Structures are given as structure tokens and as C-alpha cells.
Amino acid sequence: RPGSGSRQQDPLGGADGLALASDPGGTLNFLAMVENLQGDSGRGYYLEMLIGTPPQALNILVDTGSSNFAVAGVPDPDVTSYFNTELSSTYKSQGIDVTVKYSQGSWTGVLGTDVITIPKGIYGSYTINIATILESENFFLPGVKWHGILGLAYDALAKPSSSVETFFDSLVRQAKIPNIFSLQMCGAGLPVSGSGTNGGSLVLGGIEPSLYKGDIWYTPVKEEWYYQVEILKLEVGGQNLELDCREYNADKAIVDSGTTLLRLPQKVFSAVVQAIARTSLIQEFSSGFWTGSQLACWDKTERPWSLFPKLSIYLRDENSSRSFRISILPQLYIQPILGIGENLQCYRFGISSSTNALVIGATVMEGFYVIFDRAQRRVGFAVSPCAEVDGSPVSEIEGPFTTADVASNCVSSISFHEPVLWIASYALMSLCGIILLVLIILLLIPPRCQHRYTDNDVVNDESSLVRHRWK
């Protein structure tokens with residue numbers, strides 16, 4: 001166990017230690033939420049939900065990297081079930097269209113409200129904002145067993161605006177549960193796109209003690225949009241990459257259950273690959289394996305994980321002068337994906353490069369019980385009992401460590417960009433003045449010459465990570 005720097009959670013769980021751990025007669029019964037998820041790291045973990053009156057059962061992808069609750073609203077070739085609003089007496093359309101576009105895929109839906117219940121969740125029915133997906137492209141994919149997405153991030157990411165109350169905010173307000181949830185995904189060492197029946201748990205309103213071992217270590221949420229955290233350094237095989245800590249947080253570092261891989265900024269990714277290749281016992285390795293375009297195959301009697309090093313991520317502790325590290329063994333990032341014949345098992349590299357974030361996705365999260373303590377603005381990590389392969393743990397947490405060797409702030413602050421922002425502000429003001437002048441002129445032109453732009457309901461969400469989820 002960690003020493004004096006440990007972050008021990010109240011055994012009853014909850015943001016303030018007041019949540020009831022097991023209260024069969026009340027709103028919260030955390031034991032009832034154990035094993036309420038199914039799925040796999042390649043296609044996501046999902047929760048069964050009952051929507052509407054009479055209830056329609058749908059499987060909903062659990063995603064801490066977005067904030068909309070959206071479900072298939074019409075038949076789709078890749079979806080086995082959908083929510084038929086016409087069959088629900090309690091559905092109310094808000095008449096607001098929303099289109100979310102990605103570089104690879106999109107969906108268009110209509111916002112409405114309806115009642116939901118969660119069979120293996122909190123007791124009761126609650127009225128929730130729901131986007132029914134009417135058209136989609138490359139969003140629902142062949143083989144997925146879910147029919148919608150449950151965004152559990154902050155309202156700042158909600159579309160079309162932050163005024164749309166998120167699913168979890170609605171639960172906290174209506175069920176009066178603590179503003180905290182926790183997540184365990186159990187897929188360590190299993191095929192990333194297997195049967196889709198790996199277990200997992202989404203605990204709404206607190207923490208279930210049976211889902212973790214040892215102590216919980218907390219790191220502050222830097223900004224409430226994604227679950228943005230501060231990463232101080234990375235080690236491969238115990239060796240520090242020796243990069244400026246701001247490289248790890250360019251342009252943000254987030255915890256996202258809807259992303260399958262550990263995604264690293266390009267400079268960090270290159271350094272990690274070089275360090276793994278240098279410390280690995282394999283002399284020659286195809287570059288296609290590192291970039292994700294090729295698989296590596298071994299005889300099924302072999303355990304290739306012994307050839308690769310441990311990977312450690314250092315996070316700032318709540319006490320900013322200290323840090324702790326979460327480590328994953330190669331069983332989590334060298335992932336079985338395909339069997340060939342009777343003798344070969346092929347693996348993929350569970351780490352990829354990213355242009356806009358460091359993303360702690362399922363590759364890492366499957367090693368831990370992760371607590372999203374929104375009330376105290378922090379994310380907690382504890383070792384997960386299900387993160388074992390062949391009876392041995394494949395994840396570790398250690399600390400505390402001093403932060404004397406890193407900068408006091410590894411996240412670029414707004415003040416760093418203030419001169420640029422002032423210039424940009426003046427430029428935008430000038431541009432607005434020109435546009436206003438043009439609009440005045442257009443108003444004076446006879447109506448037959450005017451051209452009216454009507455596509456004003458489109459929300460272009462290029463920053464979203466949905467496009468990376470199922471690589």
C-alpha cells in the first residue's frame with residue numbers, strides 16, 4: 001500500500017462520505033450496480049436502459065468524453081434496436097435539431113425528453129434530455145451491440161449548447177444522489193473485439209468498495225469540460241522520457257472511456273515508441289505495428305508480454321507538491337485481437353498518436369477503478385481486482401513522489417496566450433465591423449437580390465474524439 005501520501009476514501013463512498021453503500025430500500029444500492037456493463041475495449045462498454053412509456057430496452061455506450069445522451073431513433077443497418085418515440089406516451093419533442101459532424105462520421109438528431117429507468121442502476125424513473133438520432137454516417141458500426149451513447153462529461157460539451165442539462169446532472173438533481181460516479185471496465189488480456197460480453201460496472205452516486213484494492217489516489221480536474229487532468233511525466237521501463245511536462249498536456253490531457261486506446265501527442269508518442277523499442281527484447285520490429293497498420297503474431301503457446309516494458313503515467317496529487325503514478329503492464333497495451341488457425345494469436349499496439357490531446361482511454365482504464373468525483377472536482381484511481389491476466393495483476397499505483405523536478409504548472413494557462421488573444425480580439429472586432437457594414441448595405445438592397453442562409457442548426461464538433469473511438 002502507499003504510505004503517508006495515500007488518498008483513502010471513506011468506506012461508505014460518496015463525494016462527502018455520506019452516500020449509502022448498500023441501501024436496498026433507498027435510491028442507492030451500489031452492489032446492484034456491480035457487473036451492470038458489458039462490452040469490450042475495442043467497441044466500448046454499454047449499460048442497459050429502459051426508455052419511455054411503456055419502456056423500450058436499449059444498450060447505451062458509456063462515454064466520459066462527451067456530454068449528450070443520444071439514441072438511435074430510426075432503424076439502421078448496424079443497429080439491432082432503436083427508440084421509437086411514437087410508441088412512448090411520455091416522449092416530448094423540443095423541436096430542436098442538432099447535427100454533430102466529425103472528420104470521420106456524423107449524426108443528426110432531434111432533442112426531446114422522456115423518462116428513463118436503469119434496471120441495474122439507481123432506483124426510480126427520471127425525466128432526461130434525449131437526442132434521437134435520425135441520420136448517421138460511420139457512427140453506428142457493424143458488430144456493435146449498443147444503440148446509443150451516454151455522455152457523462154460536463155455540460156460545457158453538451159450540444160447544441162451548455163444549456164442542455166446532461167444526463168448525470170439530471171440524475172443528481174432529481175434523485176438527490178451525490179455528484180459522483182465511478183467506472184470499472186474488465187477486459188484486461190481479453191480480445192479487444194471479442195464476444196462483447198466482458199463485464200464492467202458503472203456506479204452512479206458513489207463508490208463500491210468491492211471494486212477496488214488498496215487506496216484511491218486523486219488528481220484534480222483542471223477544467224470542467226472533459227475530465228481534464230495534469231500529467232507530469234511518463235516512464236517506460238522505469239526510465240523517464242525527459243520531455244517538458246507541457247508536452248504531455250498538449251493541448252489537453254483527459255480521461256475518456258469512449259476512446260479505445262491510450263492516445264499520445266505526436267512528440268510523446270514518438271518518444272514512447274522509441275523507448276519501448278529500445279527496452280524491448282525484440283530486435284527487429286515492423287514500423288507498421290507501432291502505427292496500427294499491422295498486427296504482430298506469436299504462437300499461441302507464447303506470452304509476448306514478457307518482451308515489453310511497463311508504462312507509467314505520473315499525475316499531480318491533490319497536494320500539488322506531490323504526485324503518484326499509475327502503471328500498466330504490457331498485458332494492457334499489447335492487445336490480443338485475432339487468432340489465425342490453431343497456432344497463431346495476433347496482437348495490436350494499444351497506443352496511438354493524437355493531434356489534439358493525450359487521452360487516457362480504455363487501454364489504461366481497464367487496469368483501474370476510476371472515480372469521477374465531480375463534487376470535489378477530482379478524478380480518482382485505484383487498482384481494479386479484475387485487472388489480472390493469468391492470475392497476476394497488470395496494473396499498479398504507487399506514491400507519493402515529490403514534484404520538485406517538474407514545473408509548478410504543466411498545463412498552458414490563458415495568461416500565456418494573452419498577448420495573442422488581445423491581437424485576435426482586435427482583429428475580430430474589426431472583422432465584425434466590416435460584416436456589420438456589409439449587412440447594412442445588404443438590407444438596403446431590394447429583397448430579390450438577397451440570399452438567405454438556412455443551415456444554422458449545424459453544430460460542427462471537430463474537437464470531439466468520437467472519430468477516434470473504434471480504430
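Placed from the backbone N, Cα and C atoms, the Cβ positions cover glycine too.
These features come from TrEMBL:
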type	residues	note
ACT_SITE	D63	active site
ACT_SITE	D256	active site
DISULFID	C186-C386	disulfide bond
DISULFID	C245-C410	disulfide bond
DISULFID	C297-C346	disulfide bond
DOMAIN	45-382	domain 'Peptidase A1'
CARBOHYD	N319	N-linked glycosylation site
TRANSMEM	420-445	transmembrane segment
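Ranked by Cα separation from C245 (disulfide bond), the recorded positions D63, C186, N319 are led by N319.
Within the group of disulfide-bonded residues (C297, C410), the Cβ with the highest number of other Cβ atoms inside 10 Å belongs to C410.
For the pair N319 (N-linked glycosylation site) and C410 (disulfide bond), the Cα-Cα distance reads 15 Å. Rounded to a whole value, the Cα-Cα separation of C346 (disulfide bond) and C186 (disulfide bond) is 20 Å. Using a 10 Å Cα-Cα cut-off around D63 (active site), the recorded positions C186, D256, C297, C410 reduce to D256. Note: the CA-CA distance between D256 (active site) and C410 (disulfide bond) rounds to 20 Å.
Here the disulfide-bonded residues are C186, C245, C346, C386; the one with the fewest Cβ atoms within 10 Å of its Cβ is C346. Geometry remark: C386 (disulfide bond) versus C297 (disulfide bond), CA distance 25 Å.
Here the domain 'Peptidase A1' (45-382) has a mean pLDDT of 93 out of 100. In this structure, the CA atom of C297 (disulfide bond) is 24 Å away from the CA atom of C186 (disulfide bond). In this structure the alpha carbons, written CA, of C186 (disulfide bond) and C410 (disulfide bond) are 31 Å apart.
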